[in-house]
Structures are given as structure tokens and as C-alpha cells.
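Quick look at what TrEMBL annotates:
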| type | residues | note |
| --- | --- | --- |
| ACT_SITE | Glu181 | active site, proton acceptor |
| BINDING | Gly210, Ala211, Ser212, Thr213, Gln214 | ATP binding site |
| TRANSMEM | 17-38 | transmembrane segment |
| TRANSMEM | 402-423 | transmembrane segment |
| TRANSMEM | 469-490 | transmembrane segment |
Amino acid sequence: MSAQREMKEKNPWHTPVTIIITVIGVIAIVALVTVAVLQNRPFPQKYKYGIVLDAGSSHTALYIYEWPAEKDNNTGRVEQTHSCKILVENALAFCPGISSYASAPSKAGQSLTECMQEAVQRVPEKRRGETPLYLGATAGMRLLNMENSAASDSVFQSVKKALQMFPFSYQGARILSGQEEGAFGWVTVNYLDDRLKQGLETTGALDLGGASTQISFVSDNYNGSESPSNSVTFRLYGNDYNLYTHSFLCYGKDQALRMTLAHQSQAGPGTVLDPCFHPGYAEIKNYSVLYDSPCVSDRKPQGAPATFNHTGNGNFLECQKTIKNIFNFTDCKYSRCSFNGVFQPLLQGPFGAFSAYYFVMNFLNLTDTSIPLDDVKEKLKRYCATPWNQIRQRHPNIKLKYLAEYCFSGTYILTLLTEGYNFTSESYSDIKFIEKIKGSDAGWTLGYMLNLTNMIPAEAPDSPPLPHAGYVSIVTVIAVLIFILFILSLRPLWPSCSKQPQIV
Ligand SMILES: Nc1ncnc2c1ncn2[C@@H]1O[C@H](COP(=O)(O)OP(=O)(O)O)[C@@H](O)[C@H]1O
Ligand SMILES: [Ca+2]
């Protein structure tokens, strides 16, 4: 008995002080690691939302964006979660832009109701009040404003009244300048591609609408001084960008078609034999409708009846020649121009081409730009020469207006890119026809919202040096090391073998 008591007394592990220290040590380590884990654990994902209405010349679309609530300032985090196209009741697949309500402005606001109600359902109730809501109108409203500013104001009144009824944070409805439309399209594409935060080479943006078209890119040999009105500067994530951008009003594909047709109708009243429409295509059209646009400077031919026969003969080369008539290539007061005397620096790719560029080239199966340009033209030549009744049979579900115009639209796109912007057989392959990037539509809306909500900082944001998992691992390893050191530091007190008591 006395030997056992002696052993207990000599073995320091059995002293109450050591036991208490060890227990406190273990508790401290567990507490340290737990605090590290809990304190730095990522928050459960909560999202914030933003809504942008794109009031284009041909239709209005609503986009909802979301981003993690605690990371307003980081790139690549804002995503499109929903989009809604405004359709008009009783008019199957007919989606007019707000500018078409010039004669009945009150209906412009009403037309937005369905998509807005959908948005209410999509945004959680407690976020609605803080969700910014923007409406931006583009070339359709620019033209209406030029033609009849009172009608344009009434349309905006109606739209504003309607939007303010919804439980979002309404931030205004306005016409974007062509420069903004081009620049924000460029921001969207480069933001979604994660090129801005990483300071990578940027992608140019080509946007084809119905009433205007935009080209925006960064060119190394362009500093903005030659044509200041084409220059937009940004400082994003600590990088400076000097962007060239131009918007050609009236060179969207619907107005370009109008200008081409008006030019052809000047040949004489009665019939227009149009190489940009399929053989067998024949429609009776109104001169007054054709000439009802500030883009068309020509007048209805003298002594013409109210209508004309629009017939097709499907000839790509002739169509291209006809289209060239709407471009002016002669006057240029700068070192180089695209067309109509507009300055354009040397092209510098890559380029993303979206909106109608994509819709048209996708329909024509021509989005693959690794196909040589001559082969693309050859395919389009064959497509244009295909009789109209065959085209209709092949595509029974495509809206007839689009179907009738794909030959013109494809030819217009190739003419605009090669003759207008000076893309060559080589640089054509720098273009990518895109609809979406990582699930978000390419277009000006996202860039517009990022800009107005200050979500792209001028300087690179500070980020924690370690990710959460790394931080927790390091704290754990250090805690365990401290514990081991502590145990080792008790070593002099450890019982030695020689002192082992003999149990008899
Ligand atoms: N599926 C489609 N096929 C062909 N063209 C389309 C399709 N969907 C939309 N478009 C066209 O895309 C263009 C979109 O232009 P929009 O954004 O409304 O005008 P803008 O940007 O000039 O204000 C219009 O010419 C419209 O007809
Ligand atoms: Ca557009």
C-alpha cells in the first residue's frame, strides 16, 4: 500500500495541478478552433437583386440579376436569374417596343404589367423594397424623340407611372445615349468573361439591334484624341481602359432594311424586285409605312399609288450591292473611317457579336467563324436563292416576318462587318457570335446596372489573404502544435524509468 501511494506521489501526471492544466489546455484548444470555425464561417447565402428593363426598338425585355448580399463589390458574382419578354395580348408572338405606343401612350405602361408581376414573384418579399428597378430605352425611343418629342414624353410618363406601382426601388426610366449603349454592352461582355478584375485583354462588343448598331473595343493605337466623341474612359479594378465606341442610328437591321427598300423603291412606282428576298416572295406593302421613319430621307416616288408590290428574286451578290447603297464610304476627315465619315481605329479583337447578330447567324447555321468567309458567303448565296415556299415549309414554326428577312439580315450583317467595319477574311474569325455568357444574356443591361449601383469599384478590392478553409486549417495546426509543445515542456516532470517504483 505504501509503495502505491509513493508511486502516485512521484508520478507528476497524477498531480491535480497537471490534470487541471491538461484539461484547461484541451478546452482552450477546442474553444480556439471552434471560435475560428464559427467566426469565419461563410454566411448562409443571402442574395440581393436588381431589375433592368431593356426597352428596345422591337421589344421590351425584363432582366433580374442577383448577387450574394455580402459581396456587392466583387466581380463575376452578379448573375442573371430570370428574363421575361413583353408580349402583347391578342397578338401572338408580337412584342412591340414602347416606341410603337406613340399614338396610345397609356398602353405603354400597361404592357409591362405581366413581366413586372413575374418579377414580384421572383424577388423575395423582404428584398423587394431595396431592389433597384431601371428602365433604359434605346434607338426606337431615340427616333421617336427626334420625330415627336411630345409623344416620347407621354410614353415615358405612362411607363414611369406603371413602374412606380410595383414594390421595388424605382430608379428612373430614360433614353440611353448610343455611347452608353455601346459602352455598357462592352462592360457586360468583359465582366461576365472575368476579364476586368484580372486585367486581361478585353473583348470588343458588337451589338445589332433593330434601329441602331454599336461597335466598341479597346485599340492599343487609339488614345481618344482623334475623335473624342467616340471615346469612353473607365477605371475598373485599378485598370484604365480607353474604349472606342460608336452607335450608328438607323443601322439596326429593321431600319437598314427600310433604308434599302426605300432606296430600291426610288427606281419607280409599282413593284420592287428585291434581291434580298427569296424567289417567289410577294407582298403588297404601303409606301406610307415604309417611309414613316426619320431614317428614310427619300420620299415616296412621284405619282406613286399608296402601295407597291414587294417581290423577291433571291440573289446574294445583288443584295450586297443594293445594301452598300445605304453606306457612304467616300467622306472621311480622319486617318481612317468605318463609314458615313465616322472615325474608327484599327480593329483589335477578339469580338463578341450579340443580339440580332446572334439570332440571325444562329438561324442560318453560320455562327462558326472558323468557316472561311468565302464559304459563309457561298452558303448564304444558296440560302437566298432558295424559293420562298420551300423556306416556309422547312420552318413552319418561325415567325414569318423573321423568316422572310433572314436572307436580307444575313447579307446585311456580312456587309456591315466587312465593308462597314473593315473586318477581313482573316479578322472575321476573331468574331464570336454569342447569345449568353455563363447564363447571362450579352447586352447593355447588366453593364448599365453595375455602373449605376457602383458595383465595379475603380480600385481593386482588398481580399482576405487566406480563404476561410485555409484560415481554419492553419489555426487548427497551430493550436495542436502549441499543445504538443506544452506537453513536451512538461517533460522534466515525466517519471523516469529508473525511478519506477518496485511493486513487491
Ligand atoms: N429570333 C429572332 N430572329 C431574328 N431577329 C430577331 C429575333 N429576335 C429578335 N430579333 C431582332 O433583334 C433586334 C433587336 O433589336 P432591339 O434590341 O429591339 O432594338 P434596338 O437595340 O435597336 O433598340 C430586332 O431587329 C429584332 O427583330
Ligand atoms: Ca437592343
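Cβ coordinates are placed from backbone N, Cα and C, and glycine is handled just like the others.
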Length of the line joining the Cα atoms of Glu181 (active site, proton acceptor) and Ser212 (ATP binding site), in Å: 10
Shell list (ATP; ref centroid = CB of Gly210, Ala211, Ser212, Thr213, Gln214; cutoff 8 A): Ser57, Thr138, Ala139, Asp207, Leu208, Gly209, Ser247, Phe248, Leu249, Cys250, Tyr251, Gly252, Lys253, Gln255
Fewest other Cβ within 10 angstroms of its own Cβ, chosen from the binding-site residues Ser212, Thr213: Ser212
Positions on the same chain near the transmembrane segment (402-423), where near means CB under 8 A and six or more residues out: 206, 208, 213, 215, 251, 253, 256-257, 260, 276-278, 281, 283, 312, 314, 316, 319-320, 323-324, 327, 329, 338-339, 344, 347, 356-357, 359-361, 363-364, 366, 373, 376-377, 380, 383-384, 388, 391-392, 395, 430-431
Candidates near ligand 1 among the recorded positions Glu181, Thr213, Gln214, judged by a Cβ under 6 angstroms: none
The one of Glu181, Gly210, Ala211, Gln214 whose CB sees the fewest other CB atoms within 10 Å, among these recorded positions: Gly210
In three-state DSSP terms, the structure that Thr213 (ATP binding site) belongs to: strand
DSSP state at Glu181 (active site, proton acceptor), helix/strand/coil: helix
